[in-house]
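S.K.: First the structure, then my questions, so here it is.
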Amino acid sequence: MTHSAPSNPTQLPSDKFLRTADVRKAFIDFFVSKQHTHVPSSSLVPYNDPTLLFTNAGMNQFKDCFLGIDKRDYTRAVTSQKCVRAGGKHNDLDNVGYTARHHTFFEMLGNFSFGDYFKKSAIAYAWEFLTSKQWLGLDADKLYVTIYESDDEAFDIWHQDIGLAAERIIRIGDNKGAPYASDNFWAMGDTGPCGPCSEVFYDHGEHVEGGLPGTPEEDGDRYIEVWNCVFMQFNRQPDGTMEPLPAPSVDTGMGLERISAILQGVHSNYEIDLFVNLINSAADIIGIKNDNQASLKVVADHIRAVSFLIADGVLPSNEGRGYVLRRIIRRAVRHGNKLGAEDSFFYKMVAPLVKEMGDAYPQLVEKQAFIEKAIEKEEVQFAKTLAQGLRLLDSELESLKSGDVLSGEAAFKLYDTYGFPVDLTADITRERGIGIDEAGFDEQMNIQRQRARDAGKFDVDYSAAIKVETPTEFVGYEQLDEKEVNIIGLYQDGKEVEVLNEGDEGVIVLDRTPFYAEGGGQVGEMGEIRTSSGVFNVEDTKKSGQAFIHHGVVNMGSLQKSQTADAQVVSAIRSASARNHSATHLLHAALRKVLGDSVSQKGSLVSSEMLRFDFSYDNAVSQKDLATIERLVNEQIQANVETHIELMNIDDAMAKGAAALFGEKYGETVRVLTMGTTEIEDGIQKPFSIELCGGLHVKRTGDIGLFKITSESGIAAGIRRIEALTGMGALRYIQQADSQLTALANQLKAKRPEVADRVQTMADKQRELEKQIERLNQKIASAQAATLVDNVQTIADKKVLIAQVAGIDGKAMRGLIDDIKSKLQDTIIILVGEKDGQLALAASVSKSLTGDIKAGDIIRHLADELEGKGGGKPDYAQGGAPSSDKLTGVMQALPNWVASQLS
C-alpha cells in the first residue's frame, strides 16, 4: 500500500492523448497526493462475503469499514478495482458487444472516506481532478451534476463553493416507487448505512441523441454518467426512519473505460486505446480484417473477464462462479467461430492482454501460462460439441421466422447435451430476431434437478426445517463431555414437541454442547445425551443458524424440554476425525509446495474413517508428485510438532499468510491453526501450514500417526480429488496392499521385487500379439479392397463407392481406404465396417471433389442416422456407432442422399 504522495505524480495536460494506463495512474496519484492510502484491487472472488457472486463495485472490499466492523489504520483510501458483472443480479453479458459501454469486466476508480472528510471535500476533489489543467482538464461547460432532491447541502457546495450554475445542478427525487428510493439515493440494503449521492455527467454534444438526467430522453447517449459520489450519512431503521450516522462516510466510483473514452475523444468504450489494441489482436489471431464487427468486441471484452477470473482462482465448472466463467468463454468461442476461427484461438488473446494490463496487474504476468492453459482446455472441450450443437440449432430454427420463439425443450437439449449455456443460445437466436421460451427452459431444468434430488435422496435434511433463535455455546474444543446442560428444544418431524419417548427419532437443542457440528468439511459428532429419565443416542450434529442440532434416537426412557442433561461425545470417533482433519491441512500445504501456489481448496470431507480433499489443478497429479506430497505430510507427522491455535483479527491472520476458504463467512475474530515445522522463506520464518479453521484437531502432528494417499482423480474440469487414510486405517491399507503384492508374486512365481518387471514383460508380449492381429486385419482389408473396387457406381457424374465390410474395425478401416484410393482416382468412398457389436464409419473424398461434398458431412450424416458420433476433415473422416437394425435402410438410402448433396 502507498501512504504518501508520489514523488513524480502524472501530469496530464488537456491537449494530450491519454492512454488508459495513464488515466488509472493519474487518478491514484491525485488522491495519494490528498493523503489517501492506495489500496490494491481486491480479488474478483469477494473475500468474506458469500452474498456476492463477484466483486462488482469498488466499495465491496470496504463494506465492513462502512459498517464500523472493520477498523483500519487509514481513514482515506483510493483504488482501481477489478469488477465483473456477469451472472447474478448484476449481469451485463447479453449486451456486451452490441452497445458502446457494456462490459463483463471493467475497472472502477474510487476514493473513500471512513468517517474522515465528507461532502465538501469529496465534491471538491472530484471537480479538481476532472477540470484542473494539472490533471484531466475537462471542459467545465460540458459537465452537469445530479443531486438528491432534498440534499440542499450538496446543492450549496456545487453552486456556491464550486461555482456551478444552478441550471447545471439537477435535483432527482424518489423515482422507484418508495420513499428514499431514487437514482440519487444509495442504500447498502433494506436497513443500515445509506445516503444521497451526486453524479457527474459529461455532455457528448448535440450530434448525439439523448436528454438530461431526469427527462424522458435520459436513456440516450448524449449525457453519460462519469462519476458517482455517495454520501453515507444515515442509518435506515427497520421501521424506515433515518437516523444520522455518527461518522458519515464517502464512497465514489468512476468507470475507467468511460472517462478514458471522453479523454480520447471517442464515444464508445470499444474505441479507447486498450480495446483498439485488443480488437486488432483478435482480428490478427483469427485471420480476418477488422471491420468493427460486434463479435470482435465480444472477444476483446471477454478475454479480460476470463483472464482475471482465472488469475483469481476461478476455473470453468458447471456451478456457481465456475459456470459463469464457462459461459463467458463459450460465448467468446462461439463469436470467434462466427468470425471464421476454425481452431482454438481464444487462449492466444492472453498475451495481448498481458501486454496491455500486465504492468498494472502483475498477477497476469505471473499466471499467464496457467491462464492460457485453462482457456485452451475449455476451448478444446467445447469444440467437441460446438459444431453438432450449431447444426441442431440451425435445424430447429429452419421452421421459425423473426418474432417466433425457440422452444424451452430445444434450448435445454442444447444446454444438457451440447454444453450451450442458455444465454449463448439466446445470443444466436437474437441475431435472427427469434426469442427463447425461458419459462420452458426453466421448467426442463427444474425437472432435471428434481430427478437428481430424487436419485440422491437417502436422508432428511432435518436441520433445514428447524429454526432456533437461541445460539448454542460450543464447549468442545478442550473436552468431550459437559455436565448439566439445558435442553432448550425438542423436535420431531420438524415440529417442536415437549417430550421424546423411547424409540422416537428426533432432534435435541442444548444451551451448551461438546458436540462439534458439521462444518469446514468435518462431519458432525456422535455420542449420547443422558438425563435422569432417559438416554438419547446422538447420530449426527449440524447447525441451524447459531444453534447446534443434535439428531438421533431415544434409546431408553424419555427426555423432556427444560430438563438438565449430561452430554458425552464418542472419544474414539473424535480422535479419528481430528487426525483426518489435521491431515487435510498438512495435505493442502504440501500440495501448494509441490504443485504451486495456484492450488486452492475447493472442498473437503473429514470423517472418522477417511479424508477427502478437492483442489484446483488442471492436470492429473503424477505418481512422482503424489509420492512427494505423501512424503512431505509424513515428514511433518514424524516431526511431532505441537499445533498452535490462536484467535486474532482477520486482517492480521491474512497478513500472516493464513489460507481461507472462498465462500466461507468469517467474523472479525478468527481461529487460526498453525501446524508443522517452521521454515525460512524470503528471510521470514513461516510455518508449514497456517489456515483459518474452526474445526477439531490433534495436539501434535505426531498424533496423526501415518498418512497414506489411496486415490487421486478428476471430478470436474480443473478440479482434482485426493482421498487418504490416517493412523490405523492407513496401516491396514498398507498391510492389505502388501498382502496383495505377495499373492501376485506367488501367482507369477516371482520374488516381490521382480513383480513389476514380470508384469511389464507380459504386457509387452500382449502388445506384440495385438500388433500381429492388426497386421492380419490389414491383410484381410487389402484382400477386400481388390474386390470392392468393382462396386464403384456413378452418381451425379461422380465415381462413388458405397460398401459394407465385415470384420473390420476403426483401426483397419484407414488402411482399407488407402488401399482402395491407390486403385481409384477422383472417387468418393464410403465404408461401414462391423465388428464386435460396433460399427466403424469412414469416408474419403478426393481433394478434387471436396468442393462438391465433404467427408466430414458424410460421416456426420451417418452418425446422426445411426445414433453415433464422428467427424473429420473435408477429405477424410471417421466415426462410430453401435450395431443397429437401421443399418440396412441407411445404406440403401445413402446413394440418394449423396446424389442430393452433389446436385
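Positions of Cβ are set from backbone N, Cα and C atoms, glycine also.
Pasting the feature list from Swiss-Prot:
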BINDING   His581, His585, Cys693, His697  Zn(2+) binding site
S.K.: If we count other C-beta atoms within 10 Å, could you say which of the binding-site residues His581, His585, His697 has the fewest?
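M.R.: Per-residue Cβ counts within 10 Å for the binding-site residues His581, His585, His697 bottom out at His697.
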S.K.: Quick one: what's DSSP say for His581 (Zn(2+) binding site), helix, strand or coil?
M.R.: helix
S.K.: Which residues, same chain and not among His581, His585, Cys693, His697, have a CB within 8 angstroms of the centroid of the CB atoms at the recorded Zn(2+) site?
M.R.: Gly520, Ala578, Ser582, Thr584, Leu673, Met675, Glu691, Gly695, Leu696
S.K.: Can you tell me whether DSSP puts His697 (Zn(2+) binding site) in helix, strand or coil?
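M.R.: Once the DSSP labels are grouped into three classes, His697 (Zn(2+) binding site) ends up as coil.
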S.K.: Applying a 10 Å Cβ distance cut-off over all chains shown, what neighbour count does Cys693 (Zn(2+) binding site) have?
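M.R.: Cβ-Cβ neighbours of Cys693 (Zn(2+) binding site) within 10 Å number 27.
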